[in-house]
Each structure stands twice: as C-alpha cells, then as structure tokens.
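Listed in TrEMBL:
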BINDING   D:Arg48, D:Arg54  NADP(+) binding site
BINDING   D:Arg131, D:Ser132, D:Ser133, D:Asn243, D:Ala244, D:Gly288, D:Lys303, D:Pro304, D:Thr305, D:Ser306, D:Ser307, D:Arg329  FMN binding site
Number of protein chains: 4
Amino acid sequence: MSHNTFGHLFRVTTFGESHGPALGCVIDGCPPLIPIHEAEIQLELDRRRPGQSRFTTQRQEPDKVRILSGVFTDEKTGKQVTTGTPIALLIENVDQRSKDYSEIKESYRPGHADIAYDMKYGIRDYRGGGRSSARETAARVAAGAIARKVLPDVKIRAALVQIGPHKINRDNWDWAEVGNNALFCPDASSVSFLEDYLDGIRKAGSSIGAVVEVVAEGVPPGLGAPIYGKLDSELASSLMSINAVKGVEIGAGFASAELTGEENADEMYASNAGHPAFSSNHAGGVLGGISTGQPLVCRFAVKPTSSILQLRHSVTREGKETEVRTKGRHDPCVGIRAVPIAEAMVACVLADQFLRHRGQVGEIRHWPFNP
Amino acid sequence: MSHNTFGHLFRVTTFGESHGPALGCVIDGCPPLIPIHEAEIQLELDRRRPGQSRFTTQRQEPDKVRILSGVFTDEKTGKQVTTGTPIALLIENVDQRSKDYSEIKESYRPGHADIAYDMKYGIRDYRGGGRSSARETAARVAAGAIARKVLPDVKIRAALVQIGPHKINRDNWDWAEVGNNALFCPDASSVSFLEDYLDGIRKAGSSIGAVVEVVAEGVPPGLGAPIYGKLDSELASSLMSINAVKGVEIGAGFASAELTGEENADEMYASNAGHPAFSSNHAGGVLGGISTGQPLVCRFAVKPTSSILQLRHSVTREGKETEVRTKGRHDPCVGIRAVPIAEAMVACVLADQFLRHRGQVGEIRHWPFNP
Amino acid sequence: MSHNTFGHLFRVTTFGESHGPALGCVIDGCPPLIPIHEAEIQLELDRRRPGQSRFTTQRQEPDKVRILSGVFTDEKTGKQVTTGTPIALLIENVDQRSKDYSEIKESYRPGHADIAYDMKYGIRDYRGGGRSSARETAARVAAGAIARKVLPDVKIRAALVQIGPHKINRDNWDWAEVGNNALFCPDASSVSFLEDYLDGIRKAGSSIGAVVEVVAEGVPPGLGAPIYGKLDSELASSLMSINAVKGVEIGAGFASAELTGEENADEMYASNAGHPAFSSNHAGGVLGGISTGQPLVCRFAVKPTSSILQLRHSVTREGKETEVRTKGRHDPCVGIRAVPIAEAMVACVLADQFLRHRGQVGEIRHWPFNP
Amino acid sequence: MSHNTFGHLFRVTTFGESHGPALGCVIDGCPPLIPIHEAEIQLELDRRRPGQSRFTTQRQEPDKVRILSGVFTDEKTGKQVTTGTPIALLIENVDQRSKDYSEIKESYRPGHADIAYDMKYGIRDYRGGGRSSARETAARVAAGAIARKVLPDVKIRAALVQIGPHKINRDNWDWAEVGNNALFCPDASSVSFLEDYLDGIRKAGSSIGAVVEVVAEGVPPGLGAPIYGKLDSELASSLMSINAVKGVEIGAGFASAELTGEENADEMYASNAGHPAFSSNHAGGVLGGISTGQPLVCRFAVKPTSSILQLRHSVTREGKETEVRTKGRHDPCVGIRAVPIAEAMVACVLADQFLRHRGQVGEIRHWPFNP
C-alpha cells in the first residue's frame, strides 16, 4: 500500500494531525472472533503517552481510545470480540495548547519536516508539526495492541540500548527493568547515569539521539514473503517510517560487514522445537527474508529531536534567511517514546505476514520435514 | 505491494530461478514516449554480470536481455520508445552447470535461505539457491535501467566503501574511479590493498562482508509519500530486499544517535536552486520522509556469502545433524555485485515516487514559495 | 485494493456498522489545496439521508458529518482547503432504535447477507444488518463529495429510470426534475404513477427492484488504466459493490449483444472539442477501457429489499427450518437511495483514474494529435 | 491492484502485444505443492485458440506455452509442482502476418480502442490492435488453468447463450454439448441455426454481439471480501475487463429489477451440504458479496467486433474526416472466444478470494453453526 496505509491483509490506515480535533486509525482485515477490549488498547497507549516524565514532552494528553466499529459481543463467552469488519479507533486531541505559531509558520526548523511538507503539498498544518508530529504514532500503538492478539504466543518487547554515545551494559539486560524506569532501559545500573546525562541535555535546551532494540520471541518459522515482501524488508520499512529514525539493522546488522562467512553464519543443531537450534543469532531470526524460529532482533537509530531551544540558522517561506529557536513542549530524546511504537510496528508486520502466509501456504510447517 | 512486485505506479514484478530456463521482469506503469533500447539495458546488466573478475562467481552468463513488449517505433524520431503498456524483459539462463546437488539437497547451508524456503513452502528448487539466488537481481538491474530514464536528470551512483574491517579513505573519493576497478571502489589508493585482502579471503575458502553507499543527485524536492510510503522508508525496504543485506541507513544514519540536536540538524541558507542551501547533509536528503533537493545518501551492510568452502555444522531435512562444505562458484564478497543492484533499486524507488507525486500533487514545487 | 478500501491514488476506506456508535471514512491521496467545507459534504449526505419520504426507511438519522483531519486554512484565501494528508470523516449514529433482534439473531432473512456473514466470519453484528447495512453508504456519499472537487468540470448525475416493470419515458428526461421528487425520477410525467405503484408495494409489506442510470459529462479523454484497471471495469466493480446491485452495464450494455458491428460502433466526425464528435454513444464513453470524451453512461439493476413483512421460509443458525417476517424500518425500493450513492462511486472512480493518469502519463492529450 | 495486474494473493500480471515477439504472464502468490504441467495449460489454451473454425479469426497461432519459473519436481511423487515462487508463462507470437497497416495507422476504427490508446498515451502499437487485441487474453487463459488447480473441487464452465437476437433454448441445456460445436453452445438443437446465422453475418462483412453465461459449482461458502472486494464486485470487474464486454449480471441480474421482494429472495431449507438448500437461485450464489454455497451464476454481454469490412465514417490522427474499412482476419462474433476466457477470469477470482479468506479467517465454515 502507500501513503497512510500499511500492511496487506492486516492493514492499518491512520489519520490525524497534532492539533486537529482527533487522530485515529482503521484496522482492516483483522481476523474475526479475537477478544479485544478498549482497556487493553489503553494499556499500550499509556506506555507511549507524553507527559509522564521530565524526559518526554510535557503536553498532557489522556490519549483515551474509543472503538467505533468492528467488534461485537460473542454469545458464547459474553466477551467483546472482533467481527472481521474494519475496526476504527478514535483518540480525541485535548491539550492542543493555543500558542503563538507565528515563528514556525513562516520559518522552517532545521532538521524538521516543516519545509518538506511545504515543498510537497504547498500547504501544511504547522501547529505542532501537523501530520508529521509524533502524535500520529498514538494510532500505531493502538493498532499494535490489536495486532499482538493475532499472534498471541509471540512476545514482542523493545528497549532503549543507547542514548547519545552511551550504550547500556548488555550483560545487565533484564526485560523486567524496562517498565521500572522512564527510559525503557533494560540495564538498571545505567539508568541514573543516563537520566543525569539527559537532564544535562534538557537543561541545555538541546536534544540527543538514541538506539532502540526490538526482540520478538516465538515467531513461527516461515513468515516472510520473498522477494519484495521479505520479513526483514518490511521491518526495515516500518521502523524507518517512525519519526526521526535514520537507520535500521537486523541481527548482526552493520557489524556483519566486518565478519567472515564462518564467523557470521549461524550453525544449526538438532532440536525438537519445530526448527533447528542455532549456535548464535547473527541472522536476527531471518534468512532469505523468511523467519527461522529464532528470536527476531532489530535495532534502529533515532536522530535527536529537531525542535530545540538553541538558536539555529534557517530560511523563511519567502526565501529570506532567518534564525529559529523552538520554544514549546518537546522531547529531549524522542528515541525514548519510540520504544512502544517500535513494538507496535513489529506486531503489525508480524500479524500481516502471518495472515499472508496462512493465505498463500496454509499451516506453519515444522522441521524436521521428513522425520 | 508484496511478494514479487515492488512499486505502486512504476511497478516491477520479477520471476525466475537460478537454474531454471530464464528469468526476467515485467515493468508496469512506465510513462509512454520514453526512448529505450536493449543496448542501454544491456550496459547496466554488464556491470552486474558475474564472471568478470576473480572476485565474483565464475559462472559465465551473458545475461543477454530481450524486450518482449511495451515498446514501439516513434514516428517522429524513428527511435524505439515506451508505449505505456507493460514492458517485459527476458534473460535466458545459459550456464546452469549440471552438477551434483546431492549435498545441499538434503542438508542446509548455515546462514543461507535453504532451510527458510523449506520452512515456508515445503519445497524448494535447491539448484544454485533457486529463487533466493542473487541471479534474481539481474531482473532488477534491467528494470533499473528503464527507471533511470523516467528521471533523466537524476544521477544515481553507488560505490563500495568498506570490505570487512577496511573502510576506504573518503578523502580520495572519485566517482570516476568506480568503473576502473573490479570492486566498484571510488578510492583508487585502496584498491590494491583491498584486492590482496580479498584474495586472501578467497584462497581461504571463506567470504567477507561489505558496506555500499548510494548517492542520488538532482532528486527533485517533494518526493515521498508520508506516512507509510516515506521516501526513506521505501529506500530501506528496497535495499533490505537485496540478498544478504542486514542494515540500511540514511544520511548520518546510526551515527545520528550520538549527535545532539544542534550537531545533527542541517542549517538552511538562501539559494536559487529551488530549495535552500544546507550547511551539511546529516539528513541524507530526506526530512519527514520527503526529499529536500539535497543529495540522497544511503548506506547498507552486506553480510558475507554463506556458501563457503569451510566445513560447517548443520542439519538435514530429516532432522539429523551433519556437516556442510559448499563447493561451487560463489562470490567471496557478495557486496561487490550489490553496487549496481543498489543503484537500480534506488532508481526504481525514485521513479515510482516521482510518478506518485505527479499523480497526487502535480508539478514539483520550488522554494521560495512566496517570493 | 481490497476489503474496505477502494481506489489507488484517491483511496477511500470506510468503517462502521448500522447500530454501532459511528461510521465514517478516511480519504487518502486527495490532492492538496482543494477548497472543501463540511457544508458541501452535508449537502450530498442530505440527498441520501433516510426518513425524508414514505418511500425510504423511516429511521431518523441527521447524518451530521464532521471533518477530523486533512484540512487547514489557506492563508491566501482564508478558505479551508485540503492539505494532502488523510481526510477523516465521522458520522455518529443517533437513531439506533433499541428493538428486539431475537428473530433475526437466530434466523436468516432470505435474500439477505445475514447468513453469508455468519458463513464467512462465524459472527456478525445482526443489529440492523451490521456492516452489510446500507448505512455504510453514507460514508461513500461523503467521500464522493470530496471526489467531485478533484474534477470540478465533470458533471456527475444519476436518476431512477425503472421501478419494477415500469420504465420512465426517456423522451421526457429532464435532469432538473430529479431534485423535484422523492424518487430521483427525471420524467415528471411518470412520478405520480410510480409513487402510487410504490405505495401499493409498501402497503403490501413487499418491496420492488429498480434500475438507476448514471451519466458523467465532461470526462477528460484518456482516463482508464488498461488492461485490468479499465475505466468500465472499475465502474462495474464500484457499482456492483453497492448493496443489492445485481447487474451493471455501460452504454448500450446488454442491448449491444443484439447489434451488428455497423449498428453498434459509434462513427466519428471532425470536432474542435479535443476529441472527435460521435454519431451515437453505444460505447457509453469508453473504448478499450479508456474514456473518449463522450458522456460516460452506466446503468445498474437493484434487487428488491430482502427485509419484507411477508412471511418467508428460512433456517436458523442451529440448522432448523423456520419462518421469518422482518418488521422494522426498511426501504420499499432500496434502488431509490442508490441514486446519490452511485454518483458518489462514479465520482471516486473518476477522481482516482484522473490522478493515476496524471501520475503515469501527465497532462490530458487532445485530438487531433498531429494537426 | 491496477493496470496489468489483477488479484491480491493470487496475482496475475500479463504483458504482450498482438504483433510483438511474445505475450505471457507472471502468476504470483500461487500456493506451493500444486501439481501443474504445461500440457494442462495447453489444453485450456487450445480451447481459446484462433483459427479453429470459420467463426473465429483465421490467424494461425499455435499458442504454445512454456513455463519459465516457479515449478520443480516433487521428490515424493516425481511430479512437477509449484514452489510458491512466481510462475512465468511465455507464449511466442508466430503468425504476425506482415501486412499493410497504413490504413489504421492514421485512421481510427469506429468502436475500437484505436483512438483511446492514442488519447491516453500519445502513441500505440497499431499492428493488430497492439495491447488492446484479444490476443492478450491467451495469457489470462493460461493463468486460469493454474487457478483452477487452487480450488480443484470447484467446477467452472461457461457457454454461449445468445448470438445477436437469438437466445438458446435453456430447456435443452447440456454441458456436454459445449465441447461439441465451435460456438460453445450448450443447446445442440440451436447450433445449426446459429451457425447459419453467423455465416450470414460473416459473409456480409459484418459482426454480431453475444451473451455468455458462466457457472461455478462447488464454490465453498464464505468467499468474498466485503465491502469493496465483494465476490460479485470482483467478478463484475474481471468480466468487464474482457475485450468488448459491455454488461455483467449476477444471478437474476437485470431481471431482478422487475421482481418483488418475495419473488426475488431465495428461501432456505434444511440440508446437510454445509449450507442451506435454496428454493431458487436469483442471488446467483452471492449474498452481501459473499458466496453461499449455491452455484455462482454470471452472464455478460459482448458487443460486436468493431473491425468489419463495411465502410465506416471516421477521423484521422491529423483531425481529418475519412472512411475506414477493416480488412484482416477478425472474429465475426468475438463473444464466442470469450467463453474460455470468462472461465479463466472466474477461476482466478475464486482462487484469489479463497486464499484471501484463508488468510484473514482460516478454514471454511459450514452451516449449521450451532448444531
């Protein structure tokens, strides 16, 4: 698909601007009879919600989601389930603070989509970034909550692994810690240092980049549609579509460029898991664009927020040079909030690939094939 | 789209296996009245063609292309031009050496798509990798030759910038050198060292990874379809779909994670180029998923070839453990041949985005907008 | 596309059930800078709105539309215009009368989608027909109001031409009359007869079929994407997607089966309209799937409403035989309200084809080509 | 999809012109492990092949098909089966008789796509109609032969039911007769009359329209993707995409406009077929866009061939008036050869809808649901 829709059988269309009346999405192609409750979607939205710590924008949005269609009460269980028809989710904007936008109305923030939208469309809703605002990602997170239920046995988790030049200590990785700090950091020992570092960035009116890692465990083997709908290809596309992302890698990623064939290729061993055991996971769970049953591992780089208090050289719509300083409520590290968004995108890609596999091929196959 | 088609208005569908009778593609949606000759397509195919140096597979394939449809003689010029109908390109396989495939028929090469195709489909053409072979990319290169003509003023070039741990010296970058060596290396001073290094890899029966950089100059501003058809998102998808690619980055890429907002954002200055001048290009020519007029810069990591002479531990279809050594004619560094393939993919993405922009919006807009 | 989306560049996704909280649509790909106001959309919705005469369902729905996204104030004109981002339209359901659905909950109305949805999904929102209700078409009409503005010089009008066995007198055709009666009938002399006939049907607790004709004047030549995106092919698809439609024809339609080549083919004459003059319009404005500049003419047959007061033999979910009589508020001739819906569908198809043509080809070409 | 591709999961892309070197198609998304042999495809192509009687064009084309990809030998059975990768089929053109095209090169045949292609693209391959020729349908028939194997228990058959004003006697309908005459006529008693009638048309240098009926038996209930991918909507689209088709109807079709609700709706009765028994089949096997298990019944009207020997008034590219008489080898009734083409299109639509259903929903459901 294109534009504002992604996915083929599990298709998500989002709409809405930062300061318009509402944003939301339509999920088309979701299988029927899946139990789904607004509270479950709300849980995911609350993880992404701004204003929860000093490290994210101070905009206060309840992000209260409302299901408008596509669900009905299952007679047998009394639970609300999907019906196979499109599920529309609506989130009203509440805290569109009325402020003076005169500065960014005529001048462009360096590193921001401001000028790009004007170049493309000849008009843009400049209030809060309009359509290019990270607020749009609330709709993705809502869709992701439903996507997770299409593959209930797949566990999709993400974590912040680097802020600026500071990488976490992977030896301390504990998924349980991710929910215990405002940074989604899996290494408890790094948290206070990173918080101090971020406080410095914030107080300087600056911002900083980050790296996020997503891991999906329990992915059935065989998902992925070669040649141009490869699982890794679609993961790259969906993660790169998140605001401010500038790089994506799978498994060993860029490090694989430095490896020899025998260092890189994951050797295989007998196993009764339905797929071989592997000596390592440089592949990140994908070979030839198809899942192997190993954990899916992706990482992506998020550039620093472009809206900063520092004075920057820029231009106006009229072609004049100017200087821009962006006041307002911005994330000092937009990479932090990318953590739940990335989980949602991976969930949507996997749900879609699963349905496409079931459509073309049928059941998941398990190794060994001729036992 | 999905599976074996990519693009929306400029759509490419490829087909063919490594050892089948032929491979090729159908290009649908190409504008009419574009002059195109088989010789131009052949020129691009010859750059990708195997067997031209000791650093690529020794398989001898003329890769002779034949246009089957979609062109006709223009009365006015006497030249062969596109008609707006689908252009089918055919490349017959010639050197499908009859060899003994008994080893990889039952056992899986570590790091290879072998087992993944079996897991997905329950069958695979194991001869030479079948559909997962890099031979499929000949069709992409052929399509790219036509895509280039949709945007004749855009210059798309790629080069090898790293082999294993060895990066080229970017200060010596000279595009003219890329065609002067078998490595597509833009730094003449690095060539003999890299060749020696690769000879060592090759003689050891091993393989090595690489990094390739693609630069597109003259890209009109405004291309890209936010939110899920972003230019960088589609570039990431298309480059990740190339065999063995494990990471993609745009502009500063992963390095942007370490930058502050003021270091990263490219400042803007007056210019009469139709878009502002920029102080730097950390954005890689894309903001908010839309081209800015700056050169488009992408890099991607290619893992080492998985088919190597070294003995590796693996498993069989029947679930037994085994050891595999892949004889045959393989690239010691599959990243080398990825250079022309990447150019083709970028050309196709740009052609498609240009047509989509013209469809939705119309003409390209130029800054300043209210002079 | 599929499921609940139609169109390629001008893409409409609808959602909502008859008795859910709301219905609506997302329009993606609309060109920017098109003036659009809620009042204009409301005007079209009011034409389709139920409860306006005794010949349509007595359900009272204000069908008040709200634009949620995709528009902004144009600085130059002060008018609200499209921005190129997705336009979400929301219509809250108001008159979901709480009634006893026990009868159709377990039994299926003959001729209705009741059982089909159960067969497909294993569940359905049976209240008022759920997703299969004609209420869904309100979203189409809203989308059509915007589609019309993409091609402002094209005049798209529809009219009822037959109810049951009674055809209107085409010699009396006056487009101005269509708005003067509740039947959308262009033949003033037939109205009272048809109203009496319909009253009889209604009082008998029965329903009746109808034929609707759509004419689009001013369609630019060259629209249509052969071979599988032909203009007539997409018109057929979109009209057949309207509830209860069982047949579609273009131009002479089924009558062309009885014609000889010389009777059927429209002869061409010199003209300075940008396309030839034609002696007749058996083609209905389409040759080879491409518009010719002649008026586009389609007709479609609408079957009688399946929900009737007459007692009918049927079955239950549990497999038992039963009898069904559908009380409730139903249209005695669902074909009447299909008139504005058909206009909307044709508007959307033309808007989409126009944008696709502009994308692939560019400007509209005018005959003669080599003057 | 659009342009030259149709289908979503079972996707067919065709290419080729009447007088180019070859035509063919790529079938993407076909499930793996389906036995398929060139001879089976050839069988279907031979039914459509021209030059077999005096009632079709005298062009002699062997239409010899070659499978280029997507198949491999199944170890277990020794049979050639699909592998899940794209299946490319190639048919070389042989009898592109070199003739003088000067007349239609500059002048347009009334009722033909000649001028429409020029209006759209500004160029056309005028030899034999180029891309708009019925030769393109050979690729569809080849694809249909594979589509049939995706749903092996569905029987799809078509027949000619009307030529000009002459309808067959439906009481004499015998499917076995369809293969016994050159007209695909199921009523043996009408054949000689229709042949005589057609001989008259042919000798007069004229042509005549026809009506074809397609019936698919054994269609599983639940196929069809409401709201915009309805089974009847996609059938209408695919049949209307066949050259010269001007009308399509499902079940009672246009006749349903004249029926009351109680006459039209098919009553339901108990049955153990997995779906209810129906008292009649006015619905043509589709309710709400979803198959019910009843036979699928479609009819379509084919206009008379526009290339006739009669002198017709027309215009030239240069804007001059002229007269045209089309010599050459044309079908006096192009509706005849539409019979196998229609079967192929219906087979492709059903295969695609089946895979989409399996993807979104899973298994086919059978009534009664709560026995």
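A Cβ is built for glycine as well, from the same backbone N, Cα and C atoms used for every other residue.
Sequence features annotated in TrEMBL and their locations in the structure.
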{"residue": "D:Arg48", "record": "NADP(+) binding site", "DSSP class": "helix"}
{"residue": "D:Arg54", "record": "NADP(+) binding site", "DSSP class": "coil"}
{"residue": "D:Arg131", "record": "FMN binding site", "DSSP class": "helix"}
{"residue": "D:Ala244", "record": "FMN binding site", "DSSP class": "coil"}
{"residue": "D:Lys303", "record": "FMN binding site", "DSSP class": "coil"}
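Cα separation, D:Arg131 (FMN binding site) to D:Arg48 (NADP(+) binding site), rounded: 18 Å. D:Ser307 (FMN binding site) and D:Arg48 (NADP(+) binding site) have their C-alpha atoms 19 Å apart, to the nearest angstrom. D:Arg48 (NADP(+) binding site) is 14 Å away from D:Ser133 (FMN binding site) when you measure Cα to Cα.
Residues from the set of binding-site residues D:Arg131, D:Ala244, D:Thr305 situated with their C-beta under 8 Å of a chain B C-beta: D:Arg131. Of all the Cβ atoms in the protein chains shown, 29 others lie within 10 Å of the Cβ of D:Thr305 (FMN binding site). Proximity to chain A, defined as a CB-CB distance below 8 A, holds for none of the binding-site residues D:Arg54, D:Ser133, D:Ala244, D:Ser307. Contact with chain C, taken as any Cβ pair under 8 Å, is found for the binding-site residues D:Lys303 out of D:Arg48, D:Ser133, D:Lys303. Ranking the binding-site residues D:Ala244, D:Lys303, D:Thr305 by Cα distance from D:Arg54 (NADP(+) binding site) puts D:Thr305 first. Note: D:Ala244 (FMN binding site) has non-local neighbours D:Ala134, D:Val302, D:Lys303, D:Pro304, D:Thr305, D:Ser306, D:Val334, D:Gly335, D:Ala338, i.e. same-chain residues 6+ apart with C-beta under 8 A of its own C-beta.
The Cβ of D:Arg48 (NADP(+) binding site) lies under 8 Å from the Cβ of D:Asp63, D:Thr137, D:Ala138, D:Val141, D:Arg337, D:Pro340, D:Ile341, each of which sits 6+ residues away along the same chain. All protein chains included, D:Ser133 (FMN binding site) registers 19 other Cβ atoms within 10 Å of its own Cβ. For the binding-site residues D:Arg54, D:Arg131, the ranking by surrounding Cβ atoms (within 10 Å, all protein chains) places D:Arg131 first. Counting every protein chain shown, the Cβ of D:Lys303 (FMN binding site) has 30 other Cβ atoms within 10 Å. Taking all protein chains in view, 26 other C-beta atoms sit within 10 angstroms of the C-beta of D:Ser307 (FMN binding site).
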